[in-house]
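A short worksheet on the structure shown next.
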Amino acid sequence: MIPLPLARIAEITSGALSGMADPRAVVRGPVVIDSRAVEPGSLFVAIKGARVDGHDYAAHAIRAGAVAVLASRPVEAPAVIVPDAAAALAELAAAQVRTLPNVTVIGVTGSAGKTSTKDLLARLTARVGSTIAPQGSFNNELGHPLTVLRADLDTRFMVLELAARNIGHIKELTRIAPPQIGVVLNVGTAHLGVFGGKEAIAKAKGELVESLPRSGVAVLNADDPLVRGMATRTEARVTYYGRGESAAIRAEGVVVDARGRASFTLRTPSGAAHVSLQLYGEHAVENALAAAAAGYELGLPVATIAEELSEATPRSRWRMEVTDRADGVTVVNDAYNANPDSMRAAFSAFEVLGKGRRRFAVIAALRELGDEGPALNAELGRLAGGAGLAGLIVAGPDAEPVLAGAHAAAQASAQPSAQTGAQTPTQAGVQAGGQAGAAQAPDGAPPGAPGYGEPVRIVHVPDAEAAAAELAVWLRPGDAVLIKGPRAMGLERTAELVLGGATQ
Ligand SMILES: Nc1ncnc2c1ncn2[C@@H]1O[C@H](COP(=O)(O)OP(=O)(O)O)[C@@H](O)[C@H]1O
Ligand SMILES: [Mg+2]
């Protein structure tokens with residue numbers, strides 16, 4: 001951050017100094033909300049959360065070298081006292097951005113793919129100049145200003161992820177750090193419950209392009225009608241990316257390899273180059289195109305864009321992390337989070353990656369879907385139950401709609417059909433009760449072939465640990481397993497345990 005004396009911090013935040021705070025003492029950063037992250041020169045922002053109250057850690061933060069605490073009540077430490085520490089943090093970030101001489105702010109929003117796209121785009125901007133981007137998914141009212149405050153006089157680019165949990169949220173984030181380039185990826189069903197409909201989600205995401213100045217650029221996904229429709233909501237110039245001819249930046253001749261990694265020709269108005277992604281899942285093409293379109297607007301040569309995209313590996317954890325165990329079991333850890341769209345994307349990537357192998361999945365009921373929750377979870381169950389898996393584990397609470405959907409789909413795909421006999425992995429039978437049992441392999445199915453000769457097993461377990469225990473019984477060398485659920489389920493623990501098993 002750009003160093004600030006406490007007197008100036010108090011002025012920006014309309015706060016009052018207390019606890020013998022020296023007005024001339026200078027904060028050099030980092031600004032943090034976790035006392036364990038304090039370094040000498042830090043400002044510690046005391047946030048009162050649901051479980052912990054940062055104010056209890058004020059003295060600890062000062063001992064660790066913090067210059068002062070930004071607090072909403074007096075603490076036994078030098079402090080700037082404000083009515084609302086989170087709001088004061090936002091004001092501090094807003095003031096700081098406006099003093100940065102040379103920075104281009106790029107905002108990325110959408111229902112799925114923000115973090116992945118942000119990571120790709122930050123690679124591209126780093127080729128041009130010093131770049132600040134949030135670690136992981138720092139995209140809310142706290143993470144956003146904390147990221148912004150990491151910038152200094154050298155910073156040329158800020159690549160920010162903007163998440164909307166409701167109408168007005170993105171508008172507020174763009175007020176803190178006004179973007180010149182706004183990228184909108186897609187309008188899906190994440191947080192559908194809070195919003196109450198896709199149109200409302202589009203309205204919220206569109207706040208990003210509404211905030212852009214006339215001199216700015218809106219980068220829109222031509223293949224998503226609700227995103228394309230945002231063109232009328234901005235004063236900025238609009239550019240499109242996508243698969244079709246109408247997109248200025250597009251992917252042509254997309255092919256996906258056996259592991260689910262896509263290659264394509266990246267076409268731009270000033271030339272084309274070959275891209276071979278190391279990221280898993282065909283949806284990575286959309287994220288790569290979005291990043292490419294923004295990079296193109298910054299003047300990066302197509303060859304450079306293609307090179308960086310092709311070199312990129314996942315930067316943020318638990319997003320389609322593919323790991324092979326020593327015994328040949330492939331674990332796809334996509335446990336970071338889940339919504340109906342990302343579940344579909346993950347299952348389709350998994351189908352490619354697990355072709356010709358016995359496939360298993362661990363999933364959990366999706367949350368934050370409001371009234372639509374049970375219906376969308378039943379749909380998830382149908383997706384999983386009809387995915388040709390050898391076994392499905394549903395972990396955690398509220399699993400009933402998922403289980404019901406899964407059983408229904410598994411039964412449907414088990415209906416005998418003369419033509420598709422050998423192509424229907426679950427045809428051998430379905431154990432609706434959830435326990436394994438002997439079943440006959442369909443005619444023509446090679447012995448031991450993936451999914452054949454065995455019923456789809458559908459079980460419900462209480463948590464991530466129990467899911468791992470169940471998998472330990474099921475998995476055999478050469479199998480593939482997908483692990484994906486909402487953040488609150490912490491299914492990365494399942495992946496950890498399953499992978500830990502490889503070293504034994
Ligand atoms: N463009 C996309 N379309 C659909 N699903 C996607 C897309 N990009 C990523 N995903 C899925 O969403 C998950 C979360 O990706 P992430 O980049 O963290 O998105 P976000 O930050 O928007 O939550 C990924 O693991 C992947 O399964
Ligand atoms: Mg994210």
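Every residue number used here counts from 1 along the chain in the order it is shown.
Each residue, glycine too, has its Cβ placed from N, Cα and C.
Taken from TrEMBL, the feature domain 'Mur ligase N-terminal catalytic' applies to 31-103. Annotation comment: TrEMBL describes 108-294 as domain 'Mur ligase central'. Here TrEMBL flags GLY110, SER111, ALA112, GLY113, LYS114, THR115, SER116 as ATP binding site. For 319-485, the entry in TrEMBL reads domain 'Mur ligase C-terminal'. Annotation comment: TrEMBL describes 414-430 as compositional bias 'Low complexity'. Positions annotated as region 'Disordered' by TrEMBL: 414-454.
Same-chain residues with CB within 8 A of the center of the GLY110, SER111, ALA112, GLY113, LYS114, THR115, SER116 CB atoms, the ATP site residues themselves not counted, are VAL108, THR117, LEU185, ASN186, ASN287. Within 10 Å of the C-beta of GLY110 (ATP binding site) we count 28 further C-beta atoms, all protein chains included. Among the binding-site residues GLY110, LYS114, THR115, the residues whose Cβ lies under 6 Å from any atom of ligand 2 are, in sequence order, LYS114, THR115. With DSSP classes pooled into helix, strand and coil, the tally for the domain 'Mur ligase N-terminal catalytic' (31-103) is 28 helix, 14 strand, 31 coil. Counting every protein chain shown, 25 other Cβ atoms lie within 10 Å of the Cβ of ALA112 (ATP binding site). Mean model confidence of the domain 'Mur ligase central' (108-294) amounts to 93 (pLDDT, 0 to 100 scale).
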